[in-house]
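Accompanying notes for the structure given below.
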Amino acid sequence: MLFLWLYMFYSCAGSCAGLTIRGSPAPSRAAPPLLPGEPGEESSLEEQRAAPDAGSPISSFFNGSGTKRLPQAIIIGVKKGGTRALLEFLRVHPDVRAVGAEPHFFDRNYERGLAWYRDLMPKTLEGQITMEKTPSYFVTKEAPARISSMSKGTKLIVVVRDPVTRAISDYTQTLSKKPDIPTFESLTFKNRTTGLIDTSWSAIQIGIYAKHLENWLLHFPIGQILFVSGERLISDPAGELGRVQDFLGLKRIITDKHFYFNKTKGFPCLKKAEGSSKPHCLGKTKGRTHPDIDQEVVQRLRDFYRPFNMKFYQMTGQDFGWD
């Protein structure tokens, strides 16, 4: 009777989280609620662990039968590339369960052990994928070996963006928290007169993608890493999500019908987030207006990054069109 009631309830509600053909419970199609948080501003791990893994009534019913598993896929980078958008878009998929906060296990919390890491993960049913995202992994020297040690079969996703634009976005985020920091121009150069770029500044260093990728290829084959274009994630979110779903071995459920373009924010938003009947856009910290940067400095940065970009294109087999 209980299953009959659930079937009738979801038939009326238009949900597809009903019963399987053989009458056994289908995997829950509810993703966890969209928790607050993003790079540098994520919710605390304590809040994440205390938060209920809520969703639709049927996911609540099956919640007790799920199992916490180590992630089979990880979004490893890059900061200010679009990782938060990608994760929230993916969480619409009924077969993806992900941690909302960034665990920072493989860079900051590795000494806590895999049991601690697993306990952070949401419960999943058979056939569902457990995911997390921590953009700083991509530039952490120890992360590739540590993830490989956990599982050599882990699928890795890197969201990349024009390194010059990414650096300015990175600086803009820091500026919003520390208004008294030096100008972007002064931080860019070791010596502006000679034009020597300061590669020790993290905003610049993160964008040397080819250098960081070399470290990952010592532990993972290139085919096990998917590179998502941050620019196309804005211009064609459904297209990029299609590639991601294929890479993860998921049915293409997230399509154009899930998105609308918010002209005010300047990026796509979800027409309806999972567990809600309302549209959902990323928070106010996304889409900040960048400060005006001296165009001579921008051009010098483009010249600096060009050879690294070319090498990255060759390594990945993709031309991201940043030049």
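Here the Cβ of each residue, glycine as well, is placed from N, Cα and C on the backbone.
Where the annotation comes from TrEMBL, it is an automatic prediction and has not been curated.
As annotated by TrEMBL, active site, for sulfotransferase activity applies to LYS80.
According to TrEMBL, the 3'-phosphoadenylyl sulfate binding site annotation covers LYS80, GLY81, GLY82, THR83, ARG84, ARG161, SER169, LYS286, GLY287, ARG288, THR289, HIS290. All protein chains included, ARG84 (3'-phosphoadenylyl sulfate binding site) registers 24 other Cβ atoms within 10 Å of its own Cβ.
The disulfide bond annotation in TrEMBL covers CYS269-CYS281.
The domain 'Sulfotransferase' annotation in TrEMBL covers 71-306.
According to TrEMBL, the feature region 'Disordered' maps to 28-64.
What TrEMBL records for 1-18 is signal peptide.
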Quick check on the binding-site residues SER169, THR289: which one has the highest count of other Cβ atoms within 10 Å of its Cβ?
SER169
I need the CA-to-CA distance for GLY82 (3'-phosphoadenylyl sulfate binding site) versus CYS269 (disulfide bond), whole Å please.
13
